[in-house]
Amino acid sequence: MSKQTFSTTFAGKPLVVEVGQVAKQANGATVVRYGESTVLTAAVMSKKMATGDFFPLQVNYEEKMYAAGKFPGGFMKREGRPSTDATLTARLIDRPIRPMFAEGFRNEIQVINTVLSYDENASAPMAAMFGSSLALSISDIPFNGPIAGVQVGYIDGEFIINPDKAQMEASLLELTVAGSKEAINMVESGAKELSEDIMLEALLKGHQAIQELIAFQEEIVAAVGKEKAEVELLQVDADLQAEIVAKYNADLQKAVQVEEKKAREAATEAVKETVKAEYEAKFAEDENLATIMRDVAEILEQMEHAEVRRLITEDKVRPDGRKVDEIRPLDAQIDFLPKVHGSGLFTRGQTQALSVLTLAPMGDTQIIDGLDDEYKKRFLHHYNFPQYSVGETGRYGAAGRREIGHGALGERALEQVLPSLEEFPYAIRLVAEVLESNGSSSQASICAGTLALMAGGVPIKAPVAGIAMGLISDGTNYTVLTDIQGLEDHFGDMDFKVAGTRDGITALQMDIKIEGITPQILEEALAQAKKARFEILDLIETTIPAPRPELAPTAPKIDTIQIDVDKIKIVIGKGGETIDKIIAETGVKIDIDEEGLVQIFSSDQAAIDRTKEIITSLVREAKVGEVYHAKVVRIEKFGAFVNLFDKTDALVHISEIAWTRTANVSDVLEVGEEVDVKVIKVDDKGRVDASMKALIPRPPKPEKKEEKASEAKEASNDQASKSQSETASEEK
């Protein structure tokens with residue numbers, strides 16, 4: 001195929017698609033140019049069905065630093081493991097694509113997005129999502145697309161599609177929504193306490209824009225799309241399925257209805273093991289034993305899947321006996337751990353999360369150096385999911401994509417209520433340890449995080465709670481579930497997480513296993529989630545009504561000093577010598593920003609006070625009118641130099657020593673002598689003039705002879721008048 005180009009304008013920016021020029025050995029490849037962002041997407045499919053009981057789809061989003069004209073950091077100066085943002089973007093693309101493959105599809109699929117040039121005002125992630133769908137759609141890979149995605153902002157009551165960087169910074173909403181022409185199938189959002197009505201409207205506005213992008217894709221597919229390949233789907237033997245269902249469905253139905261998770265798992269596993277043992281013995285000599293046993297396992301999974309869904313949709317009975325809108329038993333506790341800066345333990349049924357707060361100086365913030373300009377990240381929310389939380393053994397190591405994604409969701413939910421840097425000048429880290437899990441552990445970590453922040457004295461604007469909503473749909477009828485547990489998540493059609501305060505939503509995340517959901521379902525799920533969120537907030541506010549007024553004793557205390565920008569070098573010293581000495585003496589941490597704001601951190605208030613003393617003296621300036629007790633350090637013919645404080649000297653000119661004439665400075669002053677002086681001038685170069693005589697009362701001026709004679713005569717006359725008056729009085 002020769003190169004073909006297609007172009008349109010979307011959200012005020014040119015959108016250009018090129019096919020047929022690069023990556024021609026992939027099943028499908030596109031170059032998408034949106035604004036000045038350029039993304040190459042290549043989609044590849046394996047020749048044969050992969051082994052395993054899952055669909056092996058891999059989506060990568062690779063940030064090349066040259067795309068932004070930057071050198072990679074680190075010693076190797078080469079791109080390494082994906083950044084957190086790249087990992088989250090890969091998940092963002094994976095989630096709407098995955099439901100668009102046929103049930104039973106098991107061929108391995110790789111979709112690789114490479115950012116070749118980067119424009120901060122034209123979303124490269126949205127270009128990559130568009131390119132991923134289009135590369136699959138024009139290829140011979142069986143894909144039930146296309147899909148597309150957009151970002152939605154909300155400024156001054158108006159919705160903005162794919163806002164630029166400045167608009168996103170001003171926006172009350174940061175929403176990514178994806179879907180097909182018919183329906184939405186993925187949502188990811190952070191919001192500044194927006195109402196359910198505004199969020200729903202934003203989703204619908206986003207879907208309208210998505211339809212425009214899908215129409216453009218369909219035009220391209222019609223022009224250059226390949227015929228789809230015939231691919232083997234995983235299908236079980238129909239006769240074998242009918243036999244197992246007839247013999248064991250009643251037993252499995254009974255096992256599924258055991259309310260307690262562990263007991264239910266044991267009961268269902270016992271039925272499955274019985275069936276597997278029977279058929280393994282029955283077909284022990286059959287050369288297709290492996291295929292038969294794979295079918296047996298798949299049939300049992302389908303039977304459990306069907307029974308859980310039937311119970312909910314027909315009998316309105318959930319596996320643990322709850323109503324469809326009922327939350328599991330709740331419990332909340334603060335101060336679970338001593339010594340730490342704050343901790344909260346939140347339990348909902350068999351899901352439990354411990355959140356631990358750590359406060360630190362702003363110098364400990366994470367520096368993010370990706371395709372955007374380098375910036376400091378003040379708030380971190382990390383999520384850990386150990387295998388013991390579900391009673392299993394498994395891999396331990398660095399956080400995987402799921403843990404990174406769940407941590408980011410909690411971060412978005414809680415970030416909206418954090419105090420500003422001016423109100424609370426700390427770097428903040430929350431770590432969520434999932435101790436027990438039976439569904440919706442990410443939302444439990446948000447609730448535990450709220451408890452830890454409030455217990456630690458972080459003045460958040462309002463407590464945040466999260467809840468996960470589920471859906472069981474047969475295409476015609478549907479049931480929305482509140483607070484889904486693991487089994488309902490596994491066999492259900494939707495995982496819709498909603499977090500927020502009493503005033504509004506702060507985060508959304510939705511993933512579905514069907515091709516899309518309607519606005520009616522979204523509206524119902526949001527309303528049901530609000531009711532559940534308020535119930536959880538009642539518990540949180542009962543546990544701790546408001547953030548504590550003080551930090552934990554172990555938390556670092558902070559004090560600040562504002563110094564002139566030109567004094568920063570004095571505090572730091574040559575090669576950091578001065579500041580290092582201060583830190584060595586006091587044991588504090590010191591941060592100085594570009595504006596001259598000095599932040600001092602320590603758990604010891606005395607150390608903070610001493611540090612303030614030292615820094616204040618270093619940057620202190622003599623001011624006109626101030627009086628100092630100074631020491632004479634040098635004597636010259638024209639005057640004496642005195643030390644006012646630290647490295648600040650002043651000149652006392654010979655004429656400023658006394659009101660009477662001073663013949664020789666050395667006759668009056670000597671080196672080492674201490675005197676009081678008053679600053680009378682500071683020039684533009686910082687040179688200080690001081691005066692001793694300004695602190696001495698000025699003696700009266702000498703009087704002239706004529707004035708003295710006149711004054712004497714007047715005094716004599718007054719005295720005579722007084723004597724005459726007294727004589728007259730006596731005679732009377």
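Cβ atoms here come from the backbone N, Cα and C positions, even for glycine.
Annotation for ASP495 (Mg(2+) binding site): spatial neighbours ALA468, MET469, GLY470, ILE484, ASP489, GLN509, MET510, ASP511, ILE512, criterion Cβ-Cβ under 8 Å with sequence separation of six or more. Secondary structure at ASP495 (Mg(2+) binding site), as computed by DSSP, is strand. The Mg(2+) binding site annotation in Swiss-Prot covers ASP489, ASP495.
Taken from Swiss-Prot, the feature domain 'KH' covers 556-615, and the record attributes it to sequence analysis.
Annotation source Swiss-Prot lists region 'Disordered' at 691-732.
If you look up Swiss-Prot, you'll see 700-716 marked as compositional bias 'Basic and acidic residues'.
Per Swiss-Prot, compositional bias 'Polar residues' is recorded for 717-732.
Looking at the domain 'KH' (556-615) alone, the prediction's average pLDDT is 92. Cβ-based neighbour count (10 Å, all protein chains) for ASP489 (Mg(2+) binding site) stands at 18.
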